[in-house]
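Here the structure comes first, spelled out in structure tokens, and everything after it is commentary.
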Amino acid sequence: MKKRVYAFSEGDGKNKRLLGGKGANLCEMTQIGLNVPPGFVITTEACLEYLADKKLPAGLMDEVREHMARLERATGKRFGDPANPLLVSVRSGSALSMPGMMDTILNLGLNHDTLQGLIRQTGNERFGHDAYRRFIQLFGKVALGVPDELFDAEFEAIKHQAGVAADIGLSAVHLADIGERFLAVVRRHTGKPFPEDVYEQLEIAIRAVFDSWMGKRAVDYRREFHITPDQANGTAVNVVTMVFGNMGDDSATGVGFTRNPGTGENEMFGEYLVNAQGEDVVAGIRTPKPVHEMATEMPALYAQLVELRDKLEAHYHEVQDFEYTIEKGVLYCLQTRNGKMNAQAMVRTSVEMCREGLITRDQALLRVNPAHLEQLLHPCLDTSHNPTPLAQGLPASPGAASGRCVFDADQAELLGRAGEKVILVREETKPEDIHGFFAAQGILTSRGGKTSHAAVVARGMGKACVAGAEGIRVDSRARLATVGEVTLHEGDIITIDGSTGRVYLGAIPTIAPTFSEHLRTLLSWADEAAHLKVKANADTPEAAKEAREFGAVGIGLCRTERMFNASDRLPVVVEMILAPDVEERKAALDKLLPMQRCDFQAIFTLMAPYPVTVRLLDPPIHEFLPDEHSLADEIDALRQFRRVAKGRAAALSALGQAVETDGVGEDAVAAVIARKERLLAKVRELHEINPMLGHRGVRLGITFPEIYEMQIRAVLEAAAECVEAGVAAAPEIMVPQVVDGAELERVRAMVDRLRQEIEASHGVRLDFKFGSMVETVRACVSADGLARTAEFFSFGTNDLTQATWSFSREDAENKFLPQYIGSGILEDNPFEVLDVVGVGAMMRMAVEKGRSVRPDLEIGICGEHGGHPGSIRFCDGIGLSYVSCSAPRVPVARLAAAHAALLNGG
Ligand code: PEP
Ligand code: MG
């Protein structure tokens, strides 16, 4: 018969698919000799069978009973025994960690009779009633669908009656009363009494955990984090003997990280509560103490905890996030999993664990998700003008964020979708708030510690979080919060700093982050491991400087048209376009020449000795001219002004009065109108039906050769000046929108002529490369022809995607792509994630054809995909030489290039 249940002592600790991450770890921990409470795992396969058939697989409960009997033997207690009851927790756990997304039930096995046994066992009546009421609520909520609020209302009523603020102040009598009220809540809500039979409880709980795999929270989470059935399919159920941290002052519960998950520092990090259960910490109901205080409060136990931490890291070679309970002086490890950390901590721990010999360099690189690095490149608060904080909480997840206060997750989602920046402000958060997290810039809670739900989830998402800001009183029903005299209404802007725990009124400016020594080290390792070089797309000296700081080894795309758009240049560009003949056009171009030369010279110098690829003019020239309709409106307005002015002048002279011109002479207005009319005529003349496929790129360079001549001259003269100044400039000239080798030959002839002239006039030798954009379908198909002239190719995958798909990007993204993606026709936006099937096939063909003619052809990519980790891996796989992306993405791309090399091999 198929085995569906494994004891912790027999399950394969590596088989997370079958046993779930938590279950596999409990097996592994048990088998490496850690003190884990006895238990067993029901497999994820059993969950899938249950979900498919809508009933528990035949024989499953028999197997469960056998394993319960084993637990009874191991603990000396019996399930359902009023004299000496065994209690268990029933916990979910899938192959990938999904914190808080599925359900867990604690204290299962309690009923009226066993409660008395528990009280007798422990001699602690208060503890017994406390455990019972917790069980009824959790079981009621998770397994029977009773809303939490019904229990909370009863609980608050008793607290109010007893005149206590915290649950710790409640006596055994109060807790017993709460238990009875909770039973009544269940009876009222479900129409049935609470199940007293412990095996019935166990069976219902197992079903509920299985069902939680398809619960909304879990489904949303998997969709958001792209968790596919290949990665995790179904949840396992872990049935674990309960141990209690609330058995008195020699009992405690805590959660810990083997290293600091906020900074990565090699110090044990975590929090604990004496005489409490684990859920108190996770739910943020009581604010726990930092773990280092245990060193003085419970020194012997602290020493055991340090030993546990060392064993965990030595075994897992990874930072662990673990939960433990101390029951009457005995430390139990309840679970461990790889710690979720922010990017800063991931980078630091990678570098340090490698230096400590715990992991290899390759492992250190692969541990860090490239996209995650972007967090480190985000700004932090500029507090130079000393803003006064409104409140202080715990620094729970670093980073700074400003936004409008919202007091519930639905509102956060609503406003977030509408493009508003929001901060989710809650007393504490619960797993069902997850959609609010996705939408918010940051999270602020007034209760809970650094391991509360809000803190853990925000850190995982890399969002700023301030937790436990106790000075803030949140009233989510009234949609406001008060801090002393100040009232925050929904929509008010606040800023939170998750690195310091401070909260400010209004939006505080931010400053750019700096590279840590650890990040520099990791990226230097990445550069050694990678095949692909990483360059940047940059077209100003400032962007070039930034690119260099981020570690770009060249500029892969300098779009010269952006230089034309500068406010001091645009009028000259317009003059060039309006020129009635070649001579006047050349005169305008002569004014542009020194400006472009100066830009190039600055960029070449900043990047030396790395190459700078200058792309000749690409867009259709009408893009530099005003819009036809606004121009026509302006002309109308001017004509009207002229008519009114004329009428006024006629009237005044009829009255024999002098005519004042208001400083605007008749002639001046007429001249402006005439100029605008010429411009309008030109705009109409240049109008194209489909400009993206029209007169642009190299077509423009061939029909108006003086434009490309000016640009090529500017590049080569700038290069000559660099040579004269002893700067090792490495310019490259790139031609856009090419469809045929003959186009390249024309431009190359121009380049050769100008090179001879400039070399002669400057008396220097110029060293540069000449290459082609590959961004049209025909360029890919005739890449062998291009490679006869081009010394390098650069894939323009923005245009190539449009061309391959016959989608115009703006129309697609604004109109139908969201629906295509939402309804599952497409998995990703092909303008963000390289389409390997279509565009990828075109690229592969171009690489093969190009290198068949010129084996050492350098080939890169400068479309937006050059900064996307998955696309970078594809580029590595087809043998590209470099990727080029926007400067802030360069670190991401450097690490992604290393991942690509390590994962693709070769
Ligand atoms: C491209 O088409 O991918 C490209 C880099 O050019 P642009 O985005 O300027 O059209
Ligand atoms: Mg392009």
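In case you wondered, yes, glycine gets a Cβ from its N, Cα and C as well.
Just so it is clear, the model here is predicted, and its values are computed rather than measured.
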Problem - Residue in ARG615, ARG851, ARG854 which TrEMBL records at the substrate site where ARG559, GLU775, GLY796, THR797, ASN798, ASP799 also bind - result: ARG615
Problem - GLU775 (substrate binding site) to HIS453 (active site, tele-phosphohistidine intermediate) - Cα separation in whole Å - result: 47
Exercise for the section: For THR797 (substrate binding site), list the number of other Cβ atoms lying within 10 Å of its Cβ atom. Expected result: 28
Exercise for the section: Please check each of the recorded positions HIS453, ARG615, THR797, ASP799 and report the ones with a CB atom less than 6 Å from an atom of ligand 1, ordered along the sequence. Expected result: THR797, ASP799
Handout entry: Other same-chain residues whose Cβ falls within 8 Å of the Cβ centroid of ARG559, ARG615, GLU775, GLY796, THR797, ASN798, ASP799, the recorded substrate site, in sequence order
Key = LEU557, ASP618, PRO736, MET773, SER794, PHE795, LEU800, CYS862, GLY863
Exercise for the section: Would you work out the biggest C-alpha to C-alpha distance among ARG559, ARG615, GLU775, GLY796, THR797, ASN798, ASP799, the residues that bind substrate according to the record, and give it in angstrom as a whole number? Expected result: 15
Practice task
List those of the recorded positions ARG559, ARG615, THR797, CYS862 whose Cβ lies under 6 Å from any atom of ligand 2, in sequence order, or write none if there are none.
Solution key: none
Practice task
Look up CYS862 (active site, proton donor) in the DSSP assignment and report helix, strand or coil.
Solution key: coil
Exercise for the section: Count the other Cβ atoms sitting within 10 Å of the Cβ of ASN798 (substrate binding site), across every protein chain shown. Expected result: 15
Practice task
Please list, for the domain 'Pyruvate phosphate dikinase AMP/ATP-binding' (303-355), how many residues fall into helix, strand and coil according to DSSP.
Solution key: 27 helix, 17 strand, 9 coil
Handout entry: Euclidean distance between Cα atoms of GLY796 (substrate binding site) and HIS453 (active site, tele-phosphohistidine intermediate), Å
Key = 44
Fill in the blank from the handout: Row HIS453 (active site, tele-phosphohistidine intermediate), column other C-beta within 10 angstroms, all chains, value 24
